Amino acid sequence: MALLITSKCTNCDMCLPECPNEAISIGDEIYVIDPILCTECVGHYDTPTCQKVCPITNCIKPDPEHQETEEQLWERFVMIHHSDKL
């Protein structure tokens, strides 16, 4: 499933440059994650880098409205980064 940045976000800028899919952007009040681009770092890292670098506990968590299997996240990774080879 895609990740979600909660209202605990302090706009510290730690997560933005870490996303390998460029799924994080500046929202109206806090950073937001585009669920179409978020793969939870599947295909890149073992754990989501945004969660690793975020200084606020439980600020970035699974988005219950975008539940996906690891297989679906892998498919998205391939489409984002390797669609030219399909």
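Backbone N, Cα and C define each Cβ position, glycine as well.
Across the residues of the domain '4Fe-4S ferredoxin-type 1' (1-29), the predicted structure has a mean pLDDT of 96. Residues or ranges marked as domain '4Fe-4S ferredoxin-type 1' in Swiss-Prot: 1-29.
Every protein chain considered, the tally of other Cβ atoms within 10 Å of the Cβ of Cys54 ([4Fe-4S] cluster 1 binding site) stands at 21. Look at Swiss-Prot and you will find Cys9, Cys12, Cys15, Cys54 tagged as [4Fe-4S] cluster 1 binding site, backed by sequence analysis.
Secondary structure from DSSP puts Cys38 ([4Fe-4S] cluster 2 binding site) in coil. Residue environment of Cys38 ([4Fe-4S] cluster 2 binding site) contains 25 other Cβ atoms, counted within 10 Å of its Cβ in all protein chains. Residues or ranges marked as [4Fe-4S] cluster 2 binding site by Swiss-Prot on the basis of sequence analysis: Cys19, Cys38, Cys41, Cys50.
Long-range contacts of the domain '4Fe-4S ferredoxin-type 2' (31-65) within the same chain, counting only residues at least 6 positions beyond its ends with a Cβ under 8 Å from a Cβ of the stretch, are 1-6, 8-12, 14-16, 18-25, 73-74, 76-78, 80-81. Marked as domain '4Fe-4S ferredoxin-type 2' by Swiss-Prot on the basis of sequence analysis: 31-65.
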### Query
Among the binding-site residues listed here, Cys12, Cys15, Cys19, Cys41, whose Cβ has the fewest other Cβ atoms inside 10 Å?
Cys12
### Query
Using a Cβ-Cβ cut-off under 8 angstroms and a sequence gap of six or more, which residues of the chain neighbour Cys9 ([4Fe-4S] cluster 1 binding site)?
Ile30, Tyr31, Ile56, Cys59
